[in-house]
C-alpha cells in the first residue's frame, strides 16, 4: 500500500512536465496513452536511504521500496464543476485520490502562455479551489435532499449525517474548503464515503525557475496562502526535474552536485505527500528481500502485519522488533540481539517509523 495523489493545476503551469519527470523516475504502471478523459497514472518508489543502509548489512537477493501512485488530472479550467473543458470526468478522477498536489506557476516565461494572461498564484489557486468547492457543493446539496427524506423516517444515521451536511453547506456556498471546518472523528467517519474534494489533504507544488527558489514574490504569495490553510508548500523546478529524470544514477549525482542540490525536488514532493497522509514506514529484512511497508502513523502491530498478508493479522502471536538505529548500529539482527536491542511485542504495540520487524503468526 502506498497512496494515490492527484496532480491538479491550470493548463500551462508545468503539471505534465512534473508528472512525466515523476513517472520517468519511477516504475511504469498503467500508463494509458494520454487522451482527453483517462488520467495518466504513474507509480513511483518512495526515496528512503534507510532501505539501502539495511540492504548493505543484510545483503538480500532483492530490495523493494514502498510505492506511491500519482495521477495526472488534465488542466482544470474555470467552469470545470459545470462540465466546462473536460470538467466532470476530471473531477471524478480526483475524487478517487487520497491527496491533492496542486501545481502553481511561480515563474515568468514569455514563451509559455498563462491561461489568464498574467502570473498570479493567488488567482490561480482561487480558480481551482472554487471549482473543487462547487463540485463539493453539488454533492452536498444532493446528499441533503436524500438525507432529509431518510431523517423524516426516523433514520438516526441520516439525522447525524444531515447535521454535518448543514454545517458544511454554508462554507461551500462561499467557495470555502471543508478541511477548514473543525469536524470531529465521528463526523469525518460519517462523511468519508462522499469523497469530498475540499476535505482531501492538499500540498502546493510551486513550480519555479532554476533561480526562483529565493527572492521570488510568487513563491512567497503561495506560502502565505498555504500558511492560512495549514497546507504544505514544496518548491520545485519542473524543467530541472525533467532533465534529472533523463539521466542515469551516476550522471544524476554529478548533475545535482553541479547545481549544489542534495536530492531531486521530486523526492521532496513524494515525502511531503507521505507526511500529508500521516503515513510511515516499517521494514522487513531477510536474506530473500529487504522491503519497506507503508502504514498509517499509530497502527498497531497486527494492523501493520496485515499489509503483508491478512493472515498475519488474523493469526498474530507476537512481533519481533528492532529499532532501525539499533539495527544499523549493531550491524544486523544478531548484533542487536547481543546488545539486548531485540524485543518481542504484543498486539497492542504501536509500530514506530523505521522499526525492523518479523511477525510470528499461526493460521
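Along the chain as shown, residues are numbered 1 onward.
Placement of Cβ uses the backbone N, Cα and C atoms for every residue, glycine included.
Annotated features, as they stand in Swiss-Prot:
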DOMAIN    3-256  domain 'OBG-type G'
BINDING   12, 13, 14, 15, 16, 17  ATP binding site
BINDING   16, 36  Mg(2+) binding site
DOMAIN    278-361  domain 'TGS'
>> DSSP secondary structure for residue 14 (ATP binding site), reduced to helix/strand/coil, please.
In response: coil
> Tally of helix, strand and coil residues over the domain 'TGS' (278-361) according to DSSP?
Replying inline: 23 helix, 33 strand, 28 coil
>> Counting only residues 6+ away in sequence within the same chain, which have a CB under 8 Å from the CB of residue 14 (ATP binding site)?
In response: 103, 105, 107, 207, 238, 239
> Among the binding-site residues 12, 13, 15, 16, 17, whose Cβ has the fewest other Cβ atoms within 10 Å?
Replying inline: 12
